[in-house]
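Following: one structure in structure tokens, then a few remarks.
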Amino acid sequence: MAFELPPLPYAYDALGPYMSAETLEYHHDKHHLAYVNNGNNLLKDSGLEGKSLEEIVKESYGKNAGLFNNAGQHFNHIHFWKWMKPNGGGKSLPGKLQAKIDSDLGGYDKFRTDFVQAGVTQFGSGWAWLTLKDGKFVITKTPNGENPLVHGGVPLLGVDVWEHSYYIDYRNLRPKYLEAFVDSLINWDYVLELYEAAV
Amino acid sequence: MTTVLTTRRGMLFGAAALTLTACTGTRVRAQAPAGPFKLDPLPYAPAANEPHIDAMTMEIHHDRHHAAYVSNLNAALAQNGEAAKLPLQDILAKLGEMPEAIRTALRNNGGGHANHTMFWQIMGGKGGAPAGELAAAVERDLGGLDKLQTDFNTAGTRVFGSGWVFVTVTREGKLAIVAKPNQDTPLMDGARVLMGNDVWEHAYYLKYQNKRADYLKAWWNVVNWDKVAERYAAAKAGTLTI
Ligand SMILES: [Fe+2]
Ligand SMILES: [Fe+2]
């Protein structure tokens with residue numbers, strides 16, 4: 001199944017001022033597109049052509065670095081666009097998620113601190129995650145194109161901490177970007193959808 | 001720099017605006033905790049590499065990113081008096097012997113300090129070509145300047161995520177191209193670095209955005225070959241450190 005670039009689920013300027021149209025244009029139209037195109041080239045003759053994206057990510061991990069990097073980033077970015085929405089973020093979470101965050105992560109404030117910290121401490125390029133692992137919510141981080149799928153988890157929420165995701169708007173201030181993501185961009189309804197599909 | 005600013009479309013706000021003020025007004029430097037390492041000033045004006053590397057990128061890169069590596073390196077060493085006595089190249093060559101609690105911090109921030117110190121030193125020039133003994137070594141080991149540039153740029157575009165591409169030099173003066181992830185450096189293999197280019201997105205995003213290949217190509221225009229030749233001579237004399 002060939003990879004395809006999905007359209008952004010909102011206008012390019014919909015996430016301002018927290019994420020600018022300029023950032024989204026480069027990030028979606030250039031970076032994500034490059035992962036799709038490179039991934040399609042590397043998928044040819046890989047032996048994984050007929051598989052789903054999730055299967056390609058899992059099966060190329062540790063075996064075909066080029067394909068894995070691009071397939072992993074394709075997967076990550078497909079969800080990343082949906083993990084954000086205008087007027088998102090904040091403390092009013094769907095009840096089911098709030099209950100899990102309370103029981104597994106010590107409450108919303110602790111979740112916020114730890115999620116931001118995971119992103120800040122992912123040295124270099126990568127992602128920070130809210131992951132469902134063995135029935136529990138955990139906060140994790142991965143380098144480059146990796147994601148929780150290859151570590152036996154289900155990614156419920158992820159934030160891109162490659163510099164391309166925030167450099168135009170925040171320069172070196174990665175913590176400010178992460179705080180804005182949590183406070184003003186997270187689409188908790190999509191997190192809930194993924195959680196309900198996983199349990 | 002003007003181009004960069006006018007394409008912001010008035011999106012500047014909070015944090016980013018703060019950074020801009022700091023970078024266009026007085027040079028503000030992160031306060032490093034006391035420690036053995038310090039951030040040297042850029043050896044030229046931030047605009048010295050225009051138009052290939054814009055002044056704002058140079059300022060943020062040096063005053064913020066490099067400053068943070070120095071500050072974090074000193075913070076890690078503050079917990080360890082023995083390691084703090086070592087020269088940086090020895091810390092990096094012996095990471096496996098460093099206390100486990102600070103090993104990752106030393107790798108990331110010590111690597112970051114060494115890499116950027118070398119980086120500023122070999123830029124600020126006018127490009128062109130190496131001369132004399134260095135030119136002969138480039139011809140002999142790397143197939144000439146054109147091939148060096150092509151292979152070096154290819155290695156730089158192939159780094160997935162953040163990292164560096166280097167030319168290493170042995171005590172005998174032999175050259176090789178090596179790429180490393182994040183802030184790793186050939187110093188961690190006990191080798192010496194002749195020159196290197198930073199392919200973290202922060203090194204080029206404001207001007208080149210997703211076009212890393214264009215940045216890699218343009219960067220050769222600001223290489224200071226006299227400085228590279230000094231490093232080459234030092235490597236052969238056994239006095240090249242970071
Ligand atoms: Fe990204
Ligand atoms: Fe850098």
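From the backbone N, Cα and C atoms, a Cβ is placed for every residue, glycine too.
Remember, it's a predicted structure, so these values are computed and weren't measured experimentally.
Residues annotated as domain 'Manganese/iron superoxide dismutase N-terminal' in TrEMBL: A:3-84.
DSSP assigns A:Asp160 (Mn(2+) binding site) to a strand. Annotation comment: TrEMBL describes A:His27, A:His77, A:Asp160, A:His164 as Mn(2+) binding site.
Marked as domain 'Manganese/iron superoxide dismutase C-terminal' by TrEMBL: A:95-191.
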### Query
Around the Mn(2+) site recorded as A:His27, A:His77, A:Asp160, A:His164, what other same-chain residues have a C-beta within 8 angstroms of the site's C-beta center?
A:His28, A:His31, A:His32, A:Phe80, A:Trp162, A:Ser165
### Query
When C-beta separations to chain B are restricted to under 8 angstroms, which of the binding-site residues A:His77, A:Asp160, A:His164 qualify?
A:His164
### Query
According to DSSP, which of helix, strand or coil covers A:His27 (Mn(2+) binding site)?
helix
### Query
What is the average pLDDT across the domain 'Manganese/iron superoxide dismutase C-terminal' (A:95-191)?
98
## Note on the structure
Cβ density check for A:Asp160 (Mn(2+) binding site), other Cβ within 10 Å (all protein chains) comes to 22
